[in-house]
């Protein structure tokens, strides 16, 4: 068992730093320098045991994901990540668990040059809150409220794999037969679920090009609905235009489309751009190694409709995740 | 029961705003403007049910305190509060409870012109994390590492009342006889425990004057120990110099000193200042309405010693609160 101070020391040793950190972990607050001409982007997300993850999730993956879901919000704004705080509630201070958790967190932090500058460790049911800070050139941030009628709707990567990974884990835990996949496919889906890649470079590349953008955390239809509501428009998605990743190819279309439309946790970017900007979008994203696919259009009205000539998809188009649904 | 979106809407309606908030609640991240010549101060604190508060604490007080403990950290840096995020895990979405909680939070936020710019609501055991952001003129922040041998040690207000309030609540819950207090004294102690006042104005006034500063959250001796460790010095406290508030006057000296030395939750500022600066300290604090008392000195060596000629105080001088003590 570790004391609270040993625990903080263990985290502090892996916190990283940057030239713009005047004062990091260890005082009442961190002191940070925001460069002139920039806006500060701030986002905060919590992961709770039994709600956002199974208790036996590998701690490395949990540390990774707790930071990743926040960096993904910064990506969706077109911001460059800079600093974060970590508030960790733990039922007990197990050094091996903590070291693996911090490893996962620090590995992703290093990749994006994020310094951990403060936080809190306390006893309680396992819960992880991260508040992440990014920098974006003033006036260039990607927002939800800029979609215009006639714009195209795009998605990076291929959504649905994280939801398929979650369905697999659930089936295995309940002893139900898993959906069609092999061992390689299973491993791939679990990585997509447990170690999401925040699309930072893609978000940066889309500044000045995307009219609206967000990350898909609640499900593609629900999240696109947020863009529609914020922008005062509607949107249509062509079910047949969605990219079908290899790991989902063997699924029945209705099952696959449910994962792709309503599954959260992919952390791909859904964005809108002028209808004549296809070449510009592809050119901007090419250096980032992240592909995007045009999957629909912005229309007058409100809400999100699915065009599905084969009739595979029949669920409510607004079915996202609501933590408080009875 | 509220849906997650109703719940966010209810919080958002009370979030407040400021001219430097480019974009508040409702996008992937908030966008904020930091004025040039300033550093950003960031702090994050969590309150968990059963650890930091009893389940039946009035929700107004809980909302107040969740923000207050964070603003107190900004006060200890000499920073002016600006923005915060709120991550709320709730077992259920009870509208009456939530409204009272947000009332308490928003009341204190308004008093200090703090805008709530983002956060997260999720299902889980009751837990509240706030990350608060303040602004401080570059190079003027109060830190823990500036105490010098020969400096005087000071405390604002009178510590120990929050700890006495907690002891009262514990005694009442366990049916034990309460320590000596009357109904007025009881009410005063509970306010001190449940609605702490962040010493923002005092922290601002001490810039350029205090050599080191922090807020007392773990107990005076433990927290002064943090200043000593960060500054590479030792400290001595005169037990007889501590201000004795009326509500603690009837307690046995040994009980009172235990509350005053080891009780957390007062959120007074403990600071050091040059030995010849008494008049300057009093003059700087006078307009803030917060008094301070000189209670000891910075010495060579390390750790914190108590000078107690009457021998009332016998506990370990390092007894602070450790969440992971077995």
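Any Cβ shown, glycine's included, is placed from N, Cα and C.
Just so it is clear, the model here is predicted, and its values are computed rather than measured.
Pulled from TrEMBL:
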DOMAIN    B:26-136  domain 'PurM-like N-terminal'
BINDING   B:28, B:43, B:73  Mg(2+) 4 binding site
BINDING   B:28, B:73, B:215  Mg(2+) 3 binding site
BINDING   B:44, B:45, B:120  Mg(2+) 1 binding site
BINDING   B:45, B:73  Mg(2+) 2 binding site
BINDING   B:52, B:265, B:321  substrate binding site
BINDING   B:119, B:120, B:144, B:217  ATP binding site
DOMAIN    B:149-307  domain 'PurM-like C-terminal'
BINDING   B:218  Mg(2+) 5 binding site
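Structure with TrEMBL features highlighted.
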residue	record	CB count, 10 Å
B:28	Mg(2+) 4 binding site	29
B:43	Mg(2+) 4 binding site	29
B:44	Mg(2+) 1 binding site	27
B:45	Mg(2+) 1 binding site	26
B:73	Mg(2+) 4 binding site	27
B:119	ATP binding site	28
B:120	Mg(2+) 1 binding site	22
B:144	ATP binding site	24
B:215	Mg(2+) 3 binding site	27
B:265	substrate binding site	22
Length of the line joining the Cα atoms of residue B:120 (Mg(2+) 1 binding site) and residue B:43 (Mg(2+) 4 binding site), in Å: 17
Rounded inter-Cα distance in Å - residue B:28 (Mg(2+) 4 binding site), residue B:265 (substrate binding site): 34
Listed binding-site residues among B:43, B:44, B:45, B:52 whose Cα sits within 10 Å of residue B:217 (ATP binding site): none
Between residue B:218 (Mg(2+) 5 binding site) and residue B:44 (Mg(2+) 1 binding site): CA-CA distance (Å): 15
Set of same-chain residues at least 6 away whose C-beta sits under 8 angstroms from residue B:52 (substrate binding site): B:46
Members of the binding-site residues set B:217, B:218, B:265 whose C-beta sits under 8 angstroms from chain A: none
Confidence summary for the domain 'PurM-like C-terminal' (B:149-307), mean pLDDT rounded: 94
Packing count at residue B:218 (Mg(2+) 5 binding site) (other Cβ atoms within 10 Å of its Cβ): 21
Listed binding-site residues B:73, B:144, B:265, filtered to Cα within 10 Å of the residue listed as 'Mg(2+) 5 binding site': B:265
Pairwise Cα distance for residue B:265 (substrate binding site)/residue B:215 (Mg(2+) 3 binding site) [Å, integer]: 9
